[in-house]
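In TrEMBL this protein carries:
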- 8-15, 21-22, R60, 87-90, K98, 114-115, 180-181: substrate binding site (BINDING)
- H9: active site, tele-phosphohistidine intermediate (ACT_SITE)
- E87: active site, proton donor/acceptor (ACT_SITE)
- H179: site 'Transition state stabilizer' (SITE)
Amino acid sequence: MPKLILVRHGQSQWNLENRFTGWWDVDLTEKGVEEAKEAGRLMREKGVLPTIAFTSLQTRAIKTLHLALEEAGRLWIPEIKDWRLNERHYGGLTGLDKQAMRDKHGDEKVHVWRRSFDVPPPEMEPGSEFDPGADERYAEIDVPYTESLKLTIERVLPYWESDILPVLARGETVIISAHGNSLRALVKHLSNISDDDITGLEIPTGQPIVYDFDDTMVPGERYYLKDS
Ligand SMILES: O=C(O)[C@@H](CO)OP(=O)(O)O
């Protein structure tokens, strides 16, 4: 049966520093490296072994994938990277301290920017310090200046449908190593979560989440691999 494993990258340097990250390319912390390895050990222990991998173009997700696959003895599987699995773009908030923004704008405003369905953060100024627009890896695309979860869904879901779902339907065990909000986009779709309820969904770092699909490609309930 097709199986889907979703992993959010391990703790990043800016998760640790409590800074809005989005498309900025930060590395894993030591704790993040350990979380990624632990995810791989868990897959090995449970015998849930990916046969093909998808990840974003961002270092923290790519490294998490590699560390986990190494622990699982699966570094050799095919791997596809695509910007459409990138984190949601945090606009003009990128690089700023989350607590400082709460102090300045209030908890509610910051919660809306972080978790609302369709309110994007203020736009990033083109060419500003944390604008990835000139990064070679994005040469072929128009890098956004901000994204809400809704806008993130608008690029994650078409990719899911065109590139990942057909692979899964072949009976593969697919791992996607991605980000808090690109994975919220996918989980919202797969678990049929409403626009209101999605505001309450958090995806923890380094914890594999699994969906088993039936032969008509309908996903079952999602579960944490550690609980299976
Ligand atoms: O900063 C970010 O890009 C994300 C994920 O780390 O943060 P948030 O929890 O606010 O979605």
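Glycine is treated like the rest: Cβ placed from N, Cα and C.
TrEMBL feature annotations superimposed on the structure.
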residue: R8; record: substrate binding site; DSSP (3 states): strand
residue: W14; record: substrate binding site; DSSP (3 states): helix
residue: G22; record: substrate binding site; DSSP (3 states): coil
residue: E87; record: active site, proton donor/acceptor; DSSP (3 states): coil
residue: K98; record: substrate binding site; DSSP (3 states): helix
residue: H179; record: site 'Transition state stabilizer'; DSSP (3 states): coil
Report, in whole Å, the straight Cα-to-Cα distance of H179 (site 'Transition state stabilizer') from R88 (substrate binding site).
8
Of H9, W14, G22, K98, i.e. the recorded positions, those within 10 Å of H179 (site 'Transition state stabilizer') when Cα atoms are compared:
H9, G22
Just to verify: the residue among R8, K98, H179 with the fewest other Cβ atoms within 10 Å, which of the recorded positions is it?
K98
Rounded to a whole angstrom, what is the C-alpha distance between W14 (substrate binding site) and the residue listed as 'active site, proton donor/acceptor'?
13
Quick one: of the recorded positions R8, H9, Q11, flag those whose CB is under 6 Å from ligand 1, and say none if nothing qualifies.
none
Within 10 Å of its Cβ, which one of these binding-site residues (G22, G180) has the largest number of other Cβ atoms?
G22
To the nearest whole angstrom, what is the C-alpha distance linking G22 (substrate binding site) and E87 (active site, proton donor/acceptor)?
5
Note down the number of other Cβ atoms within 10 Å of the Cβ of R88 (substrate binding site), including every protein chain shown.
28
Number of Cβ atoms other than its own within 10 Å, given for H9 (active site, tele-phosphohistidine intermediate):
32
